[in-house]
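Among the features that TrEMBL reports, domain 'Cytochrome b5 heme-binding' is placed at 4-80.
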Amino acid sequence: MSEVKVFTLEEVKKHNKADDLWVVIHDKVYDLTQFSQEHPGGSTVLEEQSGGYATEPFEDVGHSEDAREMMQQYYIGDIAVKDKENRLKFTSPFTMKSKNASFQIGLCTLYEQWFSC
C-alpha cells in the first residue's frame, strides 16, 4: 500500500492557473489540470477555485455519485493537518464573494460547519 502524500495549503496555492489547477475538497487534494477542459460546468468554475478550498462550491452544485467516483482518479493527496485546523481562516476571493453579508462581516465565523447562516 502506498503512502498518502500530504500537501500544505501553501503548496496548493501555487497551483492556481488553468494549466496547473489543484483544489482541496473535503481535505483531499485533487489535480484537475487535465480534467478542467472536460468539466461539464466549464473550466472557468474550476479556475475560480484553483489553489484553494473548493468543498462548499462542490457541494452546492450537488454532484452525482458518478462524479464523486470519477474524482478519485485526480486525487493526489491530503491537506496537511495544520491546514485542516486552520482552514476557516482561509477563504479564496471567489468563495468570499459567494457568501452572504452576515458571513462577510464576521457574524458566521463557523460558516464551513453550518449549512447556512
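Cβ coordinates are placed from backbone N, Cα and C, and glycine is handled just like the others.
All TrEMBL annotations are machine predictions without curation.
Note on the domain 'Cytochrome b5 heme-binding' (4-80): its mean pLDDT in the predicted model is 93. Per DSSP, the domain 'Cytochrome b5 heme-binding' (4-80) is made up of 29 helix, 21 strand, 27 coil.
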